[in-house]
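To start, the structure itself, in C-alpha coordinates.
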Amino acid sequence: MRLVTAGQMRNIDANTINKFGIPGIVLMENAALAVVRQVRKILHGERQPKIPGKKAVILIGKGNNGGDGFAVARHLSVSGMEVTVFFFAGGGELGGDARLNYELYLKMGGKIVQVEDEMQIRLFRLALIQADIVIDALYGTGFKGSLPDLTQKYVAEMNKCSAPVLAVDIASGLEADSGKVSSTAVKADYTVTFGLAKLGHFLGEGPVYTGELLIDQISIPENIIYEEKITTYLLTAEIIQPLIPVRNRQGHKGTHGTGVFIGGSVGMSGAVVLGGRGALRSGIGLLQMVVPEGIVETVDRGVIEGTVWPAPDYEMLGQGAWNAVLERLTEADACAVGPGLKPNSGFLPVIKSILADTSVPVILDADALNLVAGQPELLSLRKGQGSLVVTPHPGEMARLCQCTVLEVQESRVELALAKAIEWGAIVVLKGAVTVIASPDGRVFLNPTGNPGLGTGGTGDVLTGCIMAYAAQGVPLLGAACLGTFLHGRAADELSGIYGSAGFTAAEVADMLPKVRKTLEVEE
Ligand SMILES: NC(=O)C1=CN([C@@H]2O[C@H](COP(=O)(O)OP(=O)(O)OC[C@H]3O[C@@H](n4cnc5c(N)ncnc54)[C@H](O)[C@@H]3O)[C@@H](O)[C@H]2O)[C@@H](O)CC1
Ligand SMILES: [K+]
(Lines of atoms letter the chains of each structure in order from A and count residues from 1; the text may use other names and numbers.)
(Lines give C-alpha, C1' and ligand atoms only; values in the text may rest on other atoms or scores of the structure.)
(Ligands and ions follow the chains in the order given, each with its own letter.)
Protein backbone atom coordinates (compact mmCIF):
# COMPACT_ATOMS: atom_id res chain seq x y z
CA MET A 1 0.00 0.00 0.00
CA ARG A 2 1.39 3.39 -1.02
CA LEU A 3 1.93 6.00 1.67
CA VAL A 4 2.34 9.74 1.21
CA THR A 5 3.60 12.72 3.15
CA ALA A 6 1.43 15.80 3.65
CA GLY A 7 3.48 17.58 0.99
CA GLN A 8 2.97 14.81 -1.55
CA MET A 9 -0.77 14.78 -0.87
CA ARG A 10 -0.88 18.56 -1.27
CA ASN A 11 0.82 18.21 -4.68
CA ILE A 12 -1.55 15.45 -5.72
CA ASP A 13 -4.60 17.51 -4.68
CA ALA A 14 -3.22 20.61 -6.41
CA ASN A 15 -2.41 18.73 -9.63
CA THR A 16 -5.86 17.12 -9.64
CA ILE A 17 -7.40 20.58 -9.38
CA ASN A 18 -5.07 22.64 -11.55
CA LYS A 19 -3.70 20.18 -14.10
CA PHE A 20 -6.49 17.65 -14.40
CA GLY A 21 -9.31 20.09 -13.84
CA ILE A 22 -11.46 18.63 -11.06
CA PRO A 23 -12.55 21.68 -9.03
CA GLY A 24 -11.37 21.71 -5.41
CA ILE A 25 -14.95 22.00 -4.21
CA VAL A 26 -15.72 18.67 -5.95
CA LEU A 27 -12.82 17.00 -4.15
CA MET A 28 -14.05 18.41 -0.86
CA GLU A 29 -17.58 17.21 -1.58
CA ASN A 30 -16.24 13.75 -2.44
CA ALA A 31 -14.24 13.75 0.79
CA ALA A 32 -17.34 14.68 2.77
CA LEU A 33 -19.40 11.97 1.07
CA ALA A 34 -16.73 9.40 1.93
CA VAL A 35 -17.08 10.39 5.59
CA VAL A 36 -20.87 10.29 5.37
CA ARG A 37 -20.72 6.76 3.92
CA GLN A 38 -18.71 5.66 6.92
CA VAL A 39 -21.01 7.44 9.38
CA ARG A 40 -23.93 5.54 7.87
CA LYS A 41 -22.03 2.26 8.26
CA ILE A 42 -21.25 2.98 11.89
CA LEU A 43 -24.79 4.06 12.75
CA HIS A 44 -26.41 1.24 10.83
CA GLY A 45 -25.20 -1.20 13.44
CA GLU A 46 -27.75 -3.54 14.96
CA ARG A 47 -28.55 -1.17 17.79
CA GLN A 48 -28.70 1.91 15.59
CA PRO A 49 -30.88 0.98 12.67
CA LYS A 50 -31.69 4.39 11.18
CA ILE A 51 -29.93 7.72 10.64
CA PRO A 52 -32.85 10.21 11.05
CA GLY A 53 -33.01 11.52 14.59
CA LYS A 54 -29.44 10.45 15.39
CA LYS A 55 -27.19 13.10 16.86
CA ALA A 56 -23.80 14.11 15.52
CA VAL A 57 -21.29 16.45 17.13
CA ILE A 58 -18.73 17.85 14.72
CA LEU A 59 -15.60 19.75 15.79
CA ILE A 60 -14.44 22.09 13.07
CA GLY A 61 -11.21 24.04 12.65
CA LYS A 62 -9.98 26.77 10.33
CA GLY A 63 -8.39 24.79 7.47
CA ASN A 64 -9.70 22.68 4.62
CA ASN A 65 -10.22 19.80 7.03
CA GLY A 66 -12.78 22.09 8.65
CA GLY A 67 -14.25 22.67 5.18
CA ASP A 68 -14.75 18.92 4.87
CA GLY A 69 -16.42 19.08 8.29
CA PHE A 70 -18.97 21.69 7.18
CA ALA A 71 -19.79 19.66 4.07
CA VAL A 72 -20.26 16.57 6.28
CA ALA A 73 -22.48 18.62 8.58
CA ARG A 74 -24.63 19.65 5.62
CA HIS A 75 -25.03 16.10 4.32
CA LEU A 76 -25.83 14.63 7.71
CA SER A 77 -28.38 17.37 8.37
CA VAL A 78 -30.01 16.66 5.00
CA SER A 79 -30.26 12.98 5.92
CA GLY A 80 -32.24 13.91 9.01
CA MET A 81 -29.58 13.86 11.71
CA GLU A 82 -29.39 16.45 14.46
CA VAL A 83 -26.03 18.06 13.90
CA THR A 84 -24.20 20.41 16.26
CA VAL A 85 -21.00 22.00 15.04
CA PHE A 86 -18.49 23.26 17.60
CA PHE A 87 -16.53 25.82 15.61
CA PHE A 88 -12.98 26.57 16.77
CA ALA A 89 -12.33 29.44 14.34
CA GLY A 90 -14.11 32.50 13.03
CA GLY A 91 -15.95 32.43 9.71
CA GLY A 92 -13.56 35.14 8.52
CA GLU A 93 -10.59 32.83 9.00
CA LEU A 94 -11.89 30.40 6.42
CA GLY A 95 -10.93 30.68 2.80
CA GLY A 96 -11.89 29.17 -0.56
CA ASP A 97 -13.82 25.92 -0.57
CA ALA A 98 -13.93 25.74 3.23
CA ARG A 99 -15.59 29.15 3.37
CA LEU A 100 -18.18 28.14 0.78
CA ASN A 101 -19.09 25.03 2.78
CA TYR A 102 -19.36 27.15 5.94
CA GLU A 103 -21.72 29.56 4.20
CA LEU A 104 -23.83 26.74 2.74
CA TYR A 105 -24.21 25.20 6.18
CA LEU A 106 -25.19 28.59 7.64
CA LYS A 107 -27.71 29.12 4.85
CA MET A 108 -29.46 25.85 5.63
CA GLY A 109 -29.84 26.99 9.24
CA GLY A 110 -27.22 24.60 10.61
CA LYS A 111 -26.47 24.78 14.33
CA ILE A 112 -23.06 26.22 15.26
CA VAL A 113 -21.61 26.75 18.72
CA GLN A 114 -18.78 29.23 18.52
CA VAL A 115 -15.96 28.04 20.81
CA GLU A 116 -14.31 31.10 22.28
CA ASP A 117 -13.14 29.95 25.67
CA GLU A 118 -13.87 27.31 28.31
CA MET A 119 -17.43 28.64 28.73
CA GLN A 120 -18.68 26.27 26.04
CA ILE A 121 -17.22 23.15 27.66
CA ARG A 122 -20.37 22.36 29.67
CA LEU A 123 -22.47 22.55 26.54
CA PHE A 124 -19.91 20.42 24.74
CA ARG A 125 -20.01 17.76 27.47
CA LEU A 126 -23.78 17.67 27.29
CA ALA A 127 -23.69 17.31 23.50
CA LEU A 128 -21.14 14.50 23.81
CA ILE A 129 -23.32 12.58 26.25
CA GLN A 130 -26.21 12.70 23.80
CA ALA A 131 -24.15 12.12 20.64
CA ASP A 132 -24.43 8.98 18.53
CA ILE A 133 -21.26 9.96 16.71
CA VAL A 134 -18.51 12.55 17.12
CA ILE A 135 -16.62 13.80 14.08
CA ASP A 136 -13.22 15.43 14.27
CA ALA A 137 -12.62 17.98 11.50
CA LEU A 138 -10.32 20.26 13.50
CA TYR A 139 -7.07 19.77 11.64
CA GLY A 140 -5.93 17.62 8.74
CA THR A 141 -2.66 17.15 6.95
CA GLY A 142 -1.75 20.82 7.46
CA PHE A 143 -1.23 20.34 11.19
CA LYS A 144 2.17 20.47 12.87
CA GLY A 145 3.19 20.88 16.50
CA SER A 146 0.93 21.13 19.49
CA LEU A 147 -2.84 21.65 19.60
CA PRO A 148 -3.78 25.11 20.96
CA ASP A 149 -4.35 25.02 24.74
CA LEU A 150 -8.08 25.65 24.52
CA THR A 151 -8.55 22.97 21.86
CA GLN A 152 -6.65 20.50 24.05
CA LYS A 153 -9.26 20.94 26.77
CA TYR A 154 -12.09 20.09 24.39
CA VAL A 155 -10.15 17.18 22.90
CA ALA A 156 -9.58 15.77 26.40
CA GLU A 157 -13.38 15.79 26.95
CA MET A 158 -13.92 14.19 23.56
CA ASN A 159 -11.43 11.43 24.30
CA LYS A 160 -13.49 10.47 27.35
CA CYS A 161 -16.82 10.19 25.53
CA SER A 162 -18.46 6.88 24.85
CA ALA A 163 -19.81 7.65 21.36
CA PRO A 164 -17.70 6.48 18.41
CA VAL A 165 -15.21 9.10 17.24
CA LEU A 166 -14.47 9.45 13.54
CA ALA A 167 -11.50 11.53 12.39
CA VAL A 168 -11.66 13.25 9.02
CA ASP A 169 -8.45 12.43 7.11
CA ILE A 170 -6.23 12.23 10.21
CA ALA A 171 -6.79 12.52 13.94
CA SER A 172 -6.27 16.14 14.96
CA GLY A 173 -3.03 16.57 16.86
CA LEU A 174 -1.29 13.81 14.91
CA GLU A 175 1.36 14.94 12.44
CA ALA A 176 0.86 13.48 8.98
CA ASP A 177 4.53 12.95 8.15
CA SER A 178 5.82 11.47 11.39
CA GLY A 179 2.92 10.24 13.53
CA LYS A 180 4.19 12.58 16.22
CA VAL A 181 1.82 13.77 18.95
CA SER A 182 3.24 16.75 20.83
CA SER A 183 0.66 17.32 23.55
CA THR A 184 -2.51 15.42 22.96
CA ALA A 185 -4.54 14.30 19.97
CA VAL A 186 -7.99 13.05 19.15
CA LYS A 187 -8.22 9.36 19.89
CA ALA A 188 -10.29 8.18 16.96
CA ASP A 189 -12.11 4.90 16.62
CA TYR A 190 -12.19 5.39 12.85
CA THR A 191 -10.28 7.55 10.43
CA VAL A 192 -11.51 8.12 6.90
CA THR A 193 -8.61 9.31 4.80
CA PHE A 194 -8.69 10.58 1.25
CA GLY A 195 -6.97 9.14 -1.80
CA LEU A 196 -3.95 7.64 -0.07
CA ALA A 197 -2.93 6.75 3.47
CA LYS A 198 -0.46 9.11 5.11
CA LEU A 199 2.80 8.06 6.78
CA GLY A 200 1.58 9.44 10.10
CA HIS A 201 -1.26 6.91 10.21
CA PHE A 202 1.37 4.20 10.73
CA LEU A 203 4.49 5.83 12.15
CA GLY A 204 5.11 6.92 15.73
CA GLU A 205 1.92 7.20 17.72
CA GLY A 206 -0.24 7.05 14.59
CA PRO A 207 -1.66 3.58 15.18
CA VAL A 208 -2.80 4.58 18.69
CA TYR A 209 -4.80 7.61 17.54
CA THR A 210 -6.01 6.50 14.10
CA GLY A 211 -8.25 3.60 15.06
CA GLU A 212 -9.58 1.67 12.09
CA LEU A 213 -8.27 3.30 8.92
CA LEU A 214 -10.48 3.53 5.85
CA ILE A 215 -9.04 4.87 2.63
CA ASP A 216 -11.68 6.28 0.35
CA GLN A 217 -11.19 7.57 -3.15
CA ILE A 218 -12.19 11.13 -3.87
CA SER A 219 -11.85 10.76 -7.66
CA ILE A 220 -8.15 11.59 -7.91
CA PRO A 221 -6.97 10.00 -11.17
CA GLU A 222 -4.25 7.35 -10.99
CA ASN A 223 -1.96 9.13 -13.46
CA ILE A 224 -1.82 12.17 -11.18
CA ILE A 225 -0.83 9.91 -8.27
CA TYR A 226 1.71 8.16 -10.50
CA GLU A 227 3.37 11.48 -11.39
CA GLU A 228 4.13 12.07 -7.70
CA LYS A 229 6.55 9.10 -7.73
CA ILE A 230 5.60 7.61 -4.40
CA THR A 231 8.38 5.48 -2.94
CA THR A 232 7.06 4.65 0.54
CA TYR A 233 4.88 1.61 1.10
CA LEU A 234 3.17 -0.21 3.90
CA LEU A 235 3.91 -3.94 3.81
CA THR A 236 0.69 -5.86 3.27
CA ALA A 237 -0.16 -9.50 2.59
CA GLU A 238 -0.51 -8.60 -1.12
CA ILE A 239 3.11 -7.44 -1.25
CA ILE A 240 4.39 -10.31 0.87
CA GLN A 241 2.62 -13.31 -0.67
CA PRO A 242 4.45 -13.30 -4.02
CA LEU A 243 7.79 -13.18 -2.19
CA ILE A 244 7.28 -16.51 -0.42
CA PRO A 245 9.51 -19.03 -2.21
CA VAL A 246 7.61 -21.91 -3.78
CA ARG A 247 9.08 -25.27 -2.78
CA ASN A 248 10.18 -27.24 -5.81
CA ARG A 249 8.67 -30.75 -5.69
CA GLN A 250 11.97 -32.19 -6.91
CA GLY A 251 13.94 -30.06 -4.46
CA HIS A 252 16.17 -31.35 -1.68
CA LYS A 253 18.16 -29.85 1.15
CA GLY A 254 20.92 -28.86 -1.24
CA THR A 255 18.54 -26.79 -3.37
CA HIS A 256 16.77 -25.02 -0.51
CA GLY A 257 19.74 -22.88 0.31
CA THR A 258 22.76 -23.07 2.57
CA GLY A 259 23.08 -20.39 5.21
CA VAL A 260 26.00 -19.72 7.51
CA PHE A 261 25.24 -18.13 10.85
CA ILE A 262 28.34 -16.57 12.43
CA GLY A 263 28.29 -15.41 16.03
CA GLY A 264 27.98 -16.47 19.63
CA SER A 265 30.33 -16.33 22.59
CA VAL A 266 30.60 -17.96 25.99
CA GLY A 267 27.47 -16.79 27.81
CA MET A 268 25.72 -15.83 24.58
CA SER A 269 25.35 -19.13 22.78
CA GLY A 270 21.56 -18.67 22.79
CA ALA A 271 21.81 -15.97 20.13
CA VAL A 272 23.12 -18.55 17.64
CA VAL A 273 20.65 -21.19 18.77
CA LEU A 274 17.75 -18.78 18.25
CA GLY A 275 19.09 -17.45 14.97
CA GLY A 276 19.51 -21.02 13.75
CA ARG A 277 16.00 -21.86 14.85
CA GLY A 278 14.66 -18.80 13.02
CA ALA A 279 16.46 -19.96 9.86
CA LEU A 280 15.23 -23.56 10.11
CA ARG A 281 11.68 -22.45 10.79
CA SER A 282 11.94 -20.32 7.65
CA GLY A 283 12.68 -23.31 5.45
CA ILE A 284 16.44 -23.19 4.97
CA GLY A 285 17.95 -26.33 3.36
CA LEU A 286 21.23 -26.46 5.24
CA LEU A 287 22.18 -24.50 8.30
CA GLN A 288 25.82 -24.13 9.32
CA MET A 289 26.99 -22.21 12.35
CA VAL A 290 30.49 -20.87 12.95
CA VAL A 291 31.03 -20.32 16.66
CA PRO A 292 33.96 -20.09 19.12
CA GLU A 293 35.16 -23.41 20.48
CA GLY A 294 33.83 -22.71 23.97
CA ILE A 295 30.18 -23.02 22.86
CA VAL A 296 30.38 -25.69 20.19
CA GLU A 297 28.71 -28.34 22.33
CA THR A 298 25.94 -26.09 23.56
CA VAL A 299 25.08 -24.91 20.06
CA ASP A 300 25.35 -28.44 18.70
CA ARG A 301 22.79 -29.64 21.24
CA GLY A 302 20.66 -26.51 20.92
CA VAL A 303 20.23 -26.81 17.15
CA ILE A 304 20.38 -30.49 16.35
CA GLU A 305 19.36 -29.95 12.72
CA GLY A 306 22.35 -27.68 11.97
CA THR A 307 26.06 -28.31 11.73
CA VAL A 308 28.52 -26.50 13.97
CA TRP A 309 31.94 -25.34 12.82
CA PRO A 310 34.38 -24.27 15.54
CA ALA A 311 36.64 -21.29 15.13
CA PRO A 312 39.93 -21.49 17.04
CA ASP A 313 38.97 -18.97 19.70
CA TYR A 314 37.60 -20.20 22.99
CA GLU A 315 35.44 -17.42 24.40
CA MET A 316 34.54 -15.23 21.45
CA LEU A 317 35.25 -15.03 17.75
CA GLY A 318 38.41 -13.12 16.78
CA GLN A 319 40.76 -12.73 13.87
CA GLY A 320 41.54 -16.45 13.92
CA ALA A 321 38.01 -17.24 12.79
CA TRP A 322 38.65 -16.14 9.21
CA ASN A 323 39.71 -19.53 7.84
CA ALA A 324 36.69 -21.33 9.26
CA VAL A 325 34.41 -18.55 8.00
CA LEU A 326 35.92 -18.50 4.52
CA GLU A 327 35.70 -22.27 4.22
CA ARG A 328 31.98 -22.20 5.00
CA LEU A 329 31.23 -19.19 2.84
CA THR A 330 32.63 -20.73 -0.33
CA GLU A 331 29.56 -22.93 -0.57
CA ALA A 332 27.02 -20.66 1.08
CA ASP A 333 24.03 -18.89 -0.43
CA ALA A 334 23.75 -16.38 2.41
CA CYS A 335 25.29 -15.60 5.76
CA ALA A 336 24.45 -13.73 8.92
CA VAL A 337 27.06 -12.18 11.18
CA GLY A 338 26.76 -10.74 14.62
CA PRO A 339 24.29 -12.21 17.12
CA GLY A 340 26.01 -13.02 20.40
CA LEU A 341 29.40 -12.02 19.07
CA LYS A 342 30.49 -9.60 21.84
CA PRO A 343 32.31 -6.53 20.59
CA ASN A 344 35.78 -8.04 20.21
CA SER A 345 37.73 -5.69 17.95
CA GLY A 346 39.86 -8.65 16.83
CA PHE A 347 36.88 -9.84 14.79
CA LEU A 348 36.50 -6.59 12.85
CA PRO A 349 39.03 -7.61 10.13
CA VAL A 350 36.98 -10.78 9.57
CA ILE A 351 33.83 -8.72 9.01
CA LYS A 352 35.80 -6.50 6.66
CA SER A 353 37.07 -9.53 4.71
CA ILE A 354 33.56 -11.01 4.48
CA LEU A 355 32.33 -7.74 2.97
CA ALA A 356 35.33 -7.10 0.74
CA ASP A 357 36.53 -10.55 -0.32
CA THR A 358 33.34 -12.60 -0.67
CA SER A 359 30.17 -12.07 -2.64
CA VAL A 360 27.80 -14.04 -0.38
CA PRO A 361 24.68 -12.03 0.58
CA VAL A 362 25.32 -10.83 4.15
CA ILE A 363 23.06 -9.85 7.01
CA LEU A 364 24.95 -7.84 9.63
CA ASP A 365 23.34 -7.63 13.04
CA ALA A 366 23.96 -6.87 16.71
CA ASP A 367 27.63 -6.73 17.77
CA ALA A 368 28.80 -6.93 14.16
CA LEU A 369 27.14 -3.52 13.79
CA ASN A 370 28.63 -2.27 17.04
CA LEU A 371 32.08 -3.32 15.82
CA VAL A 372 31.57 -1.60 12.50
CA ALA A 373 30.28 1.56 14.23
CA GLY A 374 33.85 2.83 14.63
CA GLN A 375 34.36 2.60 10.87
CA PRO A 376 30.86 2.83 9.33
CA GLU A 377 32.46 3.43 5.93
CA LEU A 378 33.05 -0.35 5.89
CA LEU A 379 29.33 -0.71 5.22
CA SER A 380 29.88 0.90 1.82
CA LEU A 381 32.21 -1.91 0.73
CA ARG A 382 29.32 -3.67 -1.00
CA LYS A 383 27.88 -0.54 -2.60
CA GLY A 384 26.27 -1.22 -5.96
CA GLN A 385 26.02 -4.95 -5.33
CA GLY A 386 22.75 -5.02 -3.39
CA SER A 387 24.08 -7.83 -1.26
CA LEU A 388 24.14 -6.39 2.25
CA VAL A 389 21.40 -6.04 4.84
CA VAL A 390 21.96 -4.35 8.18
CA THR A 391 19.42 -4.89 10.94
CA PRO A 392 20.08 -2.31 13.68
CA HIS A 393 17.78 -1.53 16.58
CA PRO A 394 17.63 2.19 17.40
CA GLY A 395 20.64 1.99 19.78
CA GLU A 396 22.81 0.29 17.17
CA MET A 397 21.61 2.73 14.52
CA ALA A 398 22.54 5.64 16.78
CA ARG A 399 26.07 4.23 17.17
CA LEU A 400 26.38 3.67 13.42
CA CYS A 401 25.19 7.20 12.67
CA GLN A 402 27.02 8.86 15.57
CA CYS A 403 23.85 10.45 16.86
CA THR A 404 21.44 9.93 19.75
CA VAL A 405 18.68 7.34 19.98
CA LEU A 406 16.19 10.22 20.16
CA GLU A 407 17.50 11.60 16.88
CA VAL A 408 17.10 8.16 15.31
CA GLN A 409 13.56 7.82 16.59
CA GLU A 410 12.54 11.28 15.45
CA SER A 411 13.53 10.64 11.86
CA ARG A 412 13.35 6.88 11.41
CA VAL A 413 12.28 6.93 7.78
CA GLU A 414 14.55 9.74 6.60
CA LEU A 415 17.60 8.37 8.43
CA ALA A 416 17.12 4.76 7.34
CA LEU A 417 16.76 5.90 3.73
CA ALA A 418 19.71 8.29 3.83
CA LYS A 419 21.95 5.57 5.26
CA ALA A 420 20.67 2.91 2.85
CA ILE A 421 21.69 5.20 -0.01
CA GLU A 422 25.02 6.16 1.63
CA TRP A 423 26.03 2.57 2.39
CA GLY A 424 24.40 0.94 -0.64
CA ALA A 425 22.83 -1.48 1.85
CA ILE A 426 19.31 -2.47 2.81
CA VAL A 427 18.62 -0.99 6.23
CA VAL A 428 16.15 -2.76 8.51
CA LEU A 429 15.67 -0.27 11.33
CA LYS A 430 13.88 -2.26 14.00
CA GLY A 431 11.30 -0.96 16.46
CA ALA A 432 7.56 -0.38 16.64
CA VAL A 433 6.91 -0.26 12.88
CA THR A 434 10.21 -1.49 11.49
CA VAL A 435 11.47 0.63 8.59
CA ILE A 436 13.06 -1.20 5.66
CA ALA A 437 14.94 1.17 3.38
CA SER A 438 16.53 0.27 0.07
CA PRO A 439 19.40 2.08 -1.69
CA ASP A 440 17.08 2.45 -4.71
CA GLY A 441 15.02 4.93 -2.68
CA ARG A 442 12.11 2.72 -1.71
CA VAL A 443 10.98 2.47 1.90
CA PHE A 444 8.69 -0.16 3.40
CA LEU A 445 6.99 0.16 6.77
CA ASN A 446 6.09 -3.05 8.55
CA PRO A 447 2.79 -2.97 10.43
CA THR A 448 3.07 -6.43 12.00
CA GLY A 449 4.48 -7.14 15.46
CA ASN A 450 3.70 -5.91 18.94
CA PRO A 451 5.48 -4.90 22.15
CA GLY A 452 5.66 -8.56 23.22
CA LEU A 453 8.62 -8.78 20.81
CA GLY A 454 10.59 -6.58 23.19
CA THR A 455 12.36 -9.50 24.81
CA GLY A 456 15.82 -11.05 24.43
CA GLY A 457 16.51 -13.13 21.36
CA THR A 458 13.74 -12.02 19.01
CA GLY A 459 16.21 -9.98 16.94
CA ASP A 460 18.39 -13.09 16.51
CA VAL A 461 15.37 -15.00 15.22
CA LEU A 462 14.68 -12.22 12.71
CA THR A 463 18.26 -12.33 11.46
CA GLY A 464 18.07 -16.09 10.95
CA CYS A 465 14.74 -15.71 9.20
CA ILE A 466 16.03 -13.08 6.73
CA MET A 467 19.15 -15.18 6.10
CA ALA A 468 17.03 -18.24 5.35
CA TYR A 469 14.92 -16.46 2.75
CA ALA A 470 18.01 -14.92 1.16
CA ALA A 471 19.57 -18.40 1.02
CA GLN A 472 16.45 -19.71 -0.69
CA GLY A 473 17.00 -17.21 -3.47
CA VAL A 474 14.60 -14.44 -2.47
CA PRO A 475 16.21 -11.14 -3.56
CA LEU A 476 17.69 -9.48 -0.51
CA LEU A 477 15.19 -6.60 -0.26
CA GLY A 478 12.35 -9.13 -0.55
CA ALA A 479 13.98 -11.37 2.05
CA ALA A 480 14.24 -8.42 4.45
CA CYS A 481 10.56 -7.49 3.92
CA LEU A 482 9.33 -11.09 4.05
CA GLY A 483 11.35 -11.96 7.16
CA THR A 484 10.30 -8.81 9.01
CA PHE A 485 6.62 -9.18 8.13
CA LEU A 486 6.40 -12.89 9.06
CA HIS A 487 8.39 -12.37 12.26
CA GLY A 488 5.92 -9.68 13.35
CA ARG A 489 2.94 -11.79 12.35
CA ALA A 490 4.30 -14.70 14.39
CA ALA A 491 4.41 -12.39 17.41
CA ASP A 492 0.88 -11.17 16.68
CA GLU A 493 -0.32 -14.77 16.56
CA LEU A 494 1.39 -15.43 19.91
CA SER A 495 -0.08 -12.33 21.50
CA GLY A 496 -3.48 -13.67 20.45
CA ILE A 497 -2.71 -16.73 22.58
CA TYR A 498 -0.73 -15.31 25.49
CA GLY A 499 -1.67 -11.64 25.55
CA SER A 500 0.65 -8.68 25.38
CA ALA A 501 3.81 -10.30 26.76
CA GLY A 502 5.42 -13.46 28.02
CA PHE A 503 5.99 -15.36 24.80
CA THR A 504 9.61 -16.09 24.01
CA ALA A 505 11.94 -15.68 21.05
CA ALA A 506 11.99 -19.47 20.55
CA GLU A 507 8.20 -19.45 20.35
CA VAL A 508 8.32 -16.66 17.78
CA ALA A 509 10.64 -18.85 15.69
CA ASP A 510 8.38 -21.87 16.09
CA MET A 511 5.33 -19.87 15.00
CA LEU A 512 6.95 -18.78 11.72
CA PRO A 513 5.84 -21.76 9.58
CA LYS A 514 2.25 -21.37 10.69
CA VAL A 515 2.03 -17.71 9.69
CA ARG A 516 3.76 -18.42 6.40
CA LYS A 517 1.19 -21.15 5.76
CA THR A 518 -1.68 -18.74 6.42
CA LEU A 519 -0.31 -16.43 3.74
CA GLU A 520 0.25 -19.31 1.31
CA VAL A 521 -3.36 -20.39 1.82
CA GLU A 522 -4.65 -16.83 1.36
CA GLU A 523 -2.97 -16.80 -2.06
N1 LIG B 1 -8.25 20.64 -2.10
C2 LIG B 1 -7.59 19.96 -1.24
O3 LIG B 1 -6.40 20.16 -1.12
C4 LIG B 1 -8.34 19.01 -0.39
C5 LIG B 1 -8.13 19.01 0.98
N6 LIG B 1 -8.84 18.23 1.79
C7 LIG B 1 -8.79 18.41 3.25
O8 LIG B 1 -7.94 19.45 3.59
C9 LIG B 1 -7.01 19.06 4.57
C10 LIG B 1 -5.77 19.84 4.41
O11 LIG B 1 -6.14 21.20 4.50
P12 LIG B 1 -5.19 22.33 5.07
O13 LIG B 1 -3.92 22.30 4.32
O14 LIG B 1 -5.98 23.58 5.08
O15 LIG B 1 -4.83 21.83 6.53
P16 LIG B 1 -5.68 21.76 7.87
O17 LIG B 1 -7.11 21.62 7.65
O18 LIG B 1 -4.98 20.77 8.67
O19 LIG B 1 -5.49 23.21 8.53
C20 LIG B 1 -4.29 23.77 8.63
C21 LIG B 1 -4.44 25.10 9.37
O22 LIG B 1 -4.13 24.90 10.73
C23 LIG B 1 -3.01 25.69 11.07
N24 LIG B 1 -2.17 24.94 12.01
C25 LIG B 1 -1.26 23.97 11.75
N26 LIG B 1 -0.70 23.52 12.88
C27 LIG B 1 -1.27 24.21 13.89
C28 LIG B 1 -1.09 24.20 15.30
N29 LIG B 1 -0.20 23.40 15.92
N30 LIG B 1 -1.84 25.05 16.04
C31 LIG B 1 -2.72 25.87 15.46
N32 LIG B 1 -2.92 25.94 14.14
C33 LIG B 1 -2.20 25.11 13.35
C34 LIG B 1 -2.32 26.02 9.77
O35 LIG B 1 -1.59 27.19 9.87
C36 LIG B 1 -3.50 26.12 8.82
O37 LIG B 1 -4.10 27.40 8.95
C38 LIG B 1 -6.87 17.58 4.38
O39 LIG B 1 -6.45 16.93 5.56
C40 LIG B 1 -8.27 17.18 3.95
O41 LIG B 1 -9.07 16.96 5.09
C42 LIG B 1 -9.96 17.47 1.26
O43 LIG B 1 -11.06 18.33 1.28
C44 LIG B 1 -9.70 16.98 -0.12
C45 LIG B 1 -9.32 18.10 -1.04
K1 LIG C 1 -9.14 15.67 11.57
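Glycine is no exception: its Cβ is also placed from the backbone N, Cα and C atoms.
Heads up, TrEMBL stuff is auto-annotated, nobody curated it.
What TrEMBL lists as domain 'YjeF N-terminal' is 9-226.
Sequence-distant neighbours of ASN64 ((6S)-NADPHX binding site) (same chain, 6+ apart, CB under 8 A from its CB) are MET28, GLY96, ASP97, ALA98, GLY140, GLY142. ASN64 ((6S)-NADPHX binding site) falls within a helical segment according to DSSP. Annotation source TrEMBL lists (6S)-NADPHX binding site at 64-68, 140-146, ASP169, ALA271, GLY340, HIS393, ASP460.
Feature annotation from TrEMBL assigns K(+) binding site to ASN65, ASP136, SER172. Take the CB of ASP136 (K(+) binding site) and look out to 10 A: across all protein chains shown you find 29 other CB atoms. In the three-state DSSP assignment, the secondary structure recorded for ASP136 (K(+) binding site) is strand.
Residues annotated as domain 'YjeF C-terminal' in TrEMBL: 236-519.
Under the heading AMP binding site, TrEMBL lists LYS430, GLY431, ALA432, VAL433, THR434, GLY459. Counting only same-chain residues six or more apart in sequence, the Cβ atoms lying under 8 angstroms from the Cβ of GLY431 (AMP binding site) belong to HIS393, PRO394, GLN409, ARG412.
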Exercise. With the K(+) site defined by ASN65, ASP136, SER172, which remaining residues of that chain have Cβ atoms positioned within 8 Å of the Cβ centroid?
Worked result: LEU59, GLY61, GLY66, GLY69, ALA137, LEU138, TYR139, GLY140, PHE143, ALA167, VAL168, ASP169, ILE170, ALA171, VAL186
Problem set entry | Those binding-site residues in ASN64, ASN65, ASP136, GLY431 whose CB falls under 6 A of ligand 2, listed in sequence order | ASN65, ASP136
For this session: Filter the binding-site residues SER172, HIS393, LYS430, GLY431, VAL433, GLY459 down to those with CB closer than 6 A to an atom of ligand 1; keep them in sequence order.
Result: none
Exercise. Given the binding-site residues THR141, LYS144, LYS430, ALA432, VAL433, THR434, which lie close to ASN65 (K(+) binding site), meaning Cα to Cα within 10 A?
Worked result: THR141
Exercise. If you skip the near sequence neighbours and keep only those at least six away, which residues in the chain come within under 8 angstroms of GLY459 (AMP binding site), Cβ to Cβ?
Worked result: PRO339, ASP365, ALA366, THR391, HIS393, LYS430
Seminar exercise, completed: Candidates SER172, ALA432, THR434 (binding-site residues) passing the 10 Å Cα cutoff around THR141 ((6S)-NADPHX binding site) are SER172
